[in-house]
Amino acid sequence: MRMAMSCGGRLVQRLDFSSSEEEDGLSNRINEAPQKGSPVSSWRTNNCPFPITPQRNERGLSPTQELSPSSDYSPDPSDKGVGGECPGTPLHYSTWKKLKLCDTPYTPKSLLYKTLPSPGSRVHCRGQRLLRFVAGTGAETEDPTLVNVNPFTPQSYRQTHFQPNGKRKERPEDDCSSDSQMKFTDKEHPAVFQSKRFVLRETNMESRYKTEFLEIEKIGAGEFGSVFKCVKRLDGCFYVIKRSKKPLAGSTDEQLALREVYAHAVLGHHPHVVRYYSAWAEDDHMIIQNEYCNGGSLQDLIMENNKKGQFVPEQELKEILLQVSMGLKYIHGSGLVHMDIKPSNIFICRKQTEVGEDESDGEDDVASASVLYKIGDLGHVTSILNPQVEEGDSRFLANEILQEDYRQLPKADIFALGLTIALAAGAAPLPCNEDGWHHIRKGNLPHIPQPLTPAFLALLKLLVHPDPATRPPATSLAKNSVLRRCVGKAAELQKQLNVEKFKTAMLERELQAAKLAQDECLDLPPVSGFSCRGRKRLVGAKNARSLSFTCGGY
């Protein structure tokens, strides 16, 4: 690439740039002989050892206008150096070598160099980011210590795990600047974290629900919102997605929606509690990802039986009562109360077990051991020690809760469980108020059309006793002999099996000891001409034997 620089309408010097010898070509052309009559020739005749540039920016020109071909600025002939010989001041060779000619096109090598980022610069990705983090409100950005405080977390757990231990893990200096926010001082440790004010307004990102899940069908709707059966695109498994009907941010229902998330997070995983996986907010709506129960709810089973004129058998009623009481035992043991036990909040999980035709014993395809009953919908959960009661369905509400007597909150779940089993047994729908409602609160069960054993019927009456102190706790129900009879036979068989296994092990040990003794006897040399076989004697070998014959008919 060749370029001519003109000064005052005359050709001063030809420049030739190459992509591989940019600097060498520049230094070689400086020493080339200029044309006659050019200013460069006069510089050489005046014994000026280096090319001299005019005084720069004397007229206040910007750096982009100095010596620009498009500029109308021309050196003033009256501007002279010392003695009028050299117009300007001489530059050192190294400075001249680094001089950047203004408005000169870049060479391919220089353009490539300018495209490379500097070591200290940050590269901004123009494409779509796979992980997009959206900052919250200004208040949350300024104070990174704002987090949600779970009200159901035990106080002892907070004191044990939220206190700083004095050990601080330092991060390398080359980490991202955002990581520095993870370091907190003694005044900012999680024990003093404050709760966020606008929890549901911080995720304005692309819909996670549409990105991660494929909606199959709508399986229910309630006070909270709609419930959908979905498949997660990543693992291909079924999940239940609950989405609130209306925006909850800033409303009175926000804390009610968060209560279910808090309760699920504290309870963790239990075989008789619907499993919780995740929760997030989209467009001010709360979304909860839970376990999918393929058997529906107990309410669905009751409605199906009513259409067919059937009832849940007593053995299955005992199994439902036993499993739900085990779930309540776990919830109450965690310091929480459900406060909304009813058939629509008890879900059924059926294990998919394949039974061959030859192995079928004529019983139902699904045995009691292959069905799990789980407690779900924790939207009304509250703490036993610090109750903030939100009344559930009035049909299952205990009288002491209506009177705001919260001294024995877990017994309210027992009362609702007794009425739930009565409905599963075939009782008519429960009244919401008036005389029928008060009749049940006096300890009377609704009419059950199917016959039940006296022991089981007495247990159900005990569950709805008007005195909450008389009702059995969940721990006692889980061990009740009336409920354990359905599994007592299996326990007895298991005990007998263990005894037989022990006997078999003892016999095998004796057999091995006998074989070992026989092998040792065979390995010993014979003593006094006798062998081990000579020691055996046949009793009665030389004695006379009596013979008797019996002939029929004689």
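Cβ coordinates come from backbone N, Cα and C, glycine included.
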Phosphoserine: annotated position in Swiss-Prot, out of S38, S118: S38
Coiled coil per Swiss-Prot - which of 247-273, 490-516: 490-516
Site-mate of I219, G220, A221, G222, E223, F224, G225, S226, V227 for ATP in Swiss-Prot, selected among K242, K307: K242
Cα-Cα distance, maximum over I219, G220, A221, G222, E223, F224, G225, S226, V227, K242, record's ATP binders, Å: 14
Chain-internal residues near I219 (ATP binding site), provided their CB is under 8 angstroms and they sit 6+ positions away: V227, F228, K229, V240
Cα-Cα distance linking A221 (ATP binding site) and N345 (Mg(2+) binding site), given in Å to the nearest integer: 12
Count of other CB atoms lying within 10 Å of the CB belonging to A221 (ATP binding site): 11
Distant-in-sequence Cβ neighbours of D340 (active site, proton acceptor), under 8 Å, six or more positions away: D377, G379, H380, G392, D393, F396, A416
Other CB atoms, at most 10 A from the CB of E223 (ATP binding site): 12
